[in-house]
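The structure under discussion appears below in the form of structure tokens.
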Amino acid sequence: MSEEDDEERSLWVHKPGHRHQAPDSTMDPTDITFRLLEEITDGFSEERKIGQGAYGTVYKGEFRNGKEIAVKMLHNDTLGFDDKQFENEFQNLMRLEHPNIVRLVAYCYETQHKYAEYKGRIVFAAIIHRALCFEYLTGGSLENHLSDEFHGLDWPTRFKIIKGTCEGLKYLHEGLKPPIYHLDLKPGNILLDKNMVPKLADFGLSKLFTEEKTRVTQTPIGTVGYLPPEYIEKNVLSNKLDIFSLGVVILNVIAGPRGRSRSAEMSSQEFTDLVLGNWTVRLQATWNGSSLEAYRQQVKTCTEIALKCVEIDRHKRPNILDIVNKINETETMIGKLPISHGSEVRFVNDHREKPTSYSDEFITLESRLASHLNLSDTQVNQEAYHHNGSSFKEKEEDREVHQILPMENPDIPIDAHPTEPWILTGNIFGSVDILNCDTQFAYATSAAKLIARKQWLVVGYHDGFIRVYTYESPVQQVKRFKAHSWNITCLDVHPTEPYVLSVGLLDPIKMWDWNKGWECIRMFDMQGVLAHGIKFNPHDSYKFAAASVMNVQVWNFRSSRREFTLFGHGSAVSCFDYFTRGNQQYIITGSLDKTARIWDCKSRTCVQILIGHMDCVTCVCSHPDLPILLTGSNDETVRLWNSITFKLEGVLDFELGKVGAIVCLKGSKR
């Protein structure tokens, strides 16, 4: 045996006194006997099996003292795997010490001799048992936690996983001399602890590179789908191989297991807009204001980074230092706002003191609180609503007084009855309220619209069902049907035809005809882009508009074609409304960029930008009778603009928190 062989074999000579003890995670890796590994894994039973790879099987091992480890038993019969492969992973792991790298706590390297019959003779065969033992991570592999934007892990957790994965790769590429290239980075090789902190694992294919040079190899590596084109076509190895794999991982963390394939079906900008829009819808259920915008920026930045990582030309991919620096720039301390979930009976206490009044030449406003009742348990032909008193104060004889009606979480959609003094509010937590502004009577469930000519209330639910009710007492359910696969976010009713538009999170926009038994008569595919606002054109019977992330799309439903798109805001479009100026039709849009824009529908261009709000513009409204446009914002104000000159006419500060929606009653100054 040569001196070189002796040196290599010396790796596996260790003090026998430690071989039957549970490893101490604070010390160097412990040499464990194969017999002990059999014991703590119940003979490598199927029940203990927690993972399977090309080179080995992973089992959960449990010592008598309760300590748990992950035991990776390496296959003896795998083509291309030998002592060199085992030593390579062992030596690499021995060098690593980082919170985002899995920790090696023990190993086993034993040779057993067993007799067997060979060509009529009894021979002794050497069986080598190789095992690497790691800290046991209760979260399992990242592969088991991937889901699309609307399900599974929330954004802060996904961001933690993305950031930690990048930090781990930065350590391999930049924190070690010489650096290590992982060469098989994928969700199955990223493990999660109980706090969802990611740790890179499986270094069997990793390589040391003494120089920052590109190499060509004939050794098969990696996993299909995570390998860049230069390796697939020419077997080229460089640190940009890991960067490509990282990009695929990030895409799948952000947008689910099909994240990479979905991104390949459209342009980078279209995919970024799609993902950002989907995440905006989900984030709005928990966050608002600066917190919402900070998380949206993280989504946008991570998506853009991932798309740059999977560039075909490896020279255009960023290095890991630039990636980590960019991600760190988006990290902001955000306080979580308190929220409630579900539909329930709730009553808001009356204000005992008269609040401040605000007035100008158009309106006089006073603040009152309304009571809320539950609609979620309404049965067919069952009376479900009762008047339980209110804080209403009779209007004074000598002046018209109108109430500000602050609701719990009044985030989405609001509607007004065309002839009655009724306001309909809905929110993302399962509540719809019909408020009579003259009596303060309140009904209470999600996205909803009034169908005045039928005296109906149409409601979209989170389970994808649409329910139609009569809104006169006793309330009766008229119709119930499955409209979308999940969560109806907005509805609109045609002003003259028997049509209702509905938007679901996972489906195309659908049009329903109630004269045909609520048959779906049209579908409008926005190519994966989520609409979060929709409205029929009040002056063109065949058109509607839909707000979709960074723009507003105008559709002709007779031809089922999109006619044009209004694009120009610096951030997501949050709301829009139609209005007329003379004989010309316009659209006003509000955005998270703190501005509102006026669009000429004929020229399809922006003709005015309304500036002044200090926070996101959350709602816009055109008064049905007066030449006034109203814009509401998270800065807690409503601004009144002249719809002829587009000049600011006044600012209303209600001191009631962010403005979630605005509605104007026809035939009044309310």
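Each residue's number is its place along the chain shown, starting with 1.
Quick reminder: no glycine exception, Cβ is built from N, Cα and C everywhere.
TrEMBL lists Lys72 with the feature ATP binding site. With a cut-off of 8 Å between CB atoms and residues at least 6 apart in sequence, the same chain places Gly56, Thr57, Val58, Ala131, Leu132, Cys133, Phe134 near Lys72 (ATP binding site), listed in sequence order.
Residues annotated as domain 'Protein kinase' in TrEMBL: 44-334.
The region 'Disordered' annotation in TrEMBL covers 1-28.
Look at TrEMBL and you will find 481-513 (among others) tagged as repeat 'WD'. Same-chain neighbours of the repeat 'WD' (481-513): 150, 278, 281, 412-413, 446-451, 458, 460-466, 519-526, 530-536, 538, 541, 544, 546, 557, counting only residues six or more beyond its ends whose CB sits under 8 Å from a CB of the stretch.
Applying DSSP to the repeat 'WD' (566-609) sorts its residues as follows: 0 helix, 29 strand, 15 coil. What TrEMBL records for 566-609 (among others) is repeat 'WD'.
Sequence-distant contacts of the repeat 'WD' (610-642) (same chain, six or more residues past either end, CB-CB distance under 8 Å): 288-290, 292-293, 360, 362, 414, 574-579, 588-598, 648-669. Per TrEMBL, the feature repeat 'WD' maps to 610-642 (among others).
Across the repeat 'WD' (610-642), DSSP assigns 0 helix, 19 strand, 14 coil.
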